[in-house]
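S.K.: According to TrEMBL:
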type	residues	note
DISULFID	34-37	disulfide bond
TOPO_DOM	1-7	topological domain 'Cytoplasmic'
TOPO_DOM	25-42	topological domain 'Periplasmic'
TOPO_DOM	159-163	topological domain 'Cytoplasmic'
TRANSMEM	38-57	transmembrane segment
TRANSMEM	64-85	transmembrane segment
TRANSMEM	135-156	transmembrane segment
């Protein structure tokens, strides 16, 4: 049970650390997030909160938490993958140079329309402002979502071996 709790708590702490770094980049390095970046942040927060719940609630040995976290991780991979496609492979002349902010879109349009508009992307989503080891931030978040999803299954698998 300790491995279960510590494993999911570790995943939640990784998510918290990633969000702290994203906020540092936004407020201290003045790197403004585009709508796709904001969606990725929402998925990271969701994964972290669900990991924390998995650590705190007594569902030891259950596949419920790894399955739910896998679905969240896959959605994060999808959003990050779309962002990578826009940055590296899409003809940016087909994108609008700028669009309304996410907050304005949420006030004026239905949720599904906002989701579709964000996934289509804007010119600001194609800009690569930051790189580490040659990879942009969406590439790193894609890797993060893969690692978090694998981590959730490893926590479950390690718990199963202990019984």
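Each residue's number is its place along the chain shown, starting with 1.
Each Cβ is built from the backbone N, Cα and C atoms, and glycine gets one as well.
Map the listed features onto the structure and describe their local environment.
M.R.: For residue 37 (disulfide bond), the count of additional Cβ atoms within 10 Å of its Cβ stands at 23 [all protein chains shown].
According to DSSP, the secondary structure content of the topological domain 'Periplasmic' (25-42) in residues is 11 helix, 0 strand, 7 coil.
Across all of the topological domain 'Cytoplasmic' (159-163), the predicted model scores a mean pLDDT of 56.
A Cβ distance under 8 Å defines the sequence-distant neighbours of the transmembrane segment (38-57), meaning residues of its chain 6+ beyond its ends; these are 4-9, 11-12, 14-16, 18-19, 22, 65, 68-69, 72-73, 75-76, 79-80, 83, 102, 118, 138, 141, 144-145, 148, 152.
The list of residues near the transmembrane segment (135-156) in space but at least 6 beyond its ends in sequence, with Cβ under 8 angstroms from a Cβ of it, reads 3-4, 7-8, 10-11, 14-15, 18, 36-37, 40, 43-44, 47, 51, 54, 61, 63, 65-66, 69-70, 73-74, 76-77, 80-81, 83-84, 87, 128.
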S.K.: Same-chain Cβ contacts of the transmembrane segment (64-85) under 8 Å, 6 or more residues past its ends?
M.R.: 8, 11, 36-37, 39-40, 43-44, 46-47, 50-51, 53-54, 119, 121, 125, 136, 138-139, 141-142, 144-146, 148-149, 152-153, 155-156
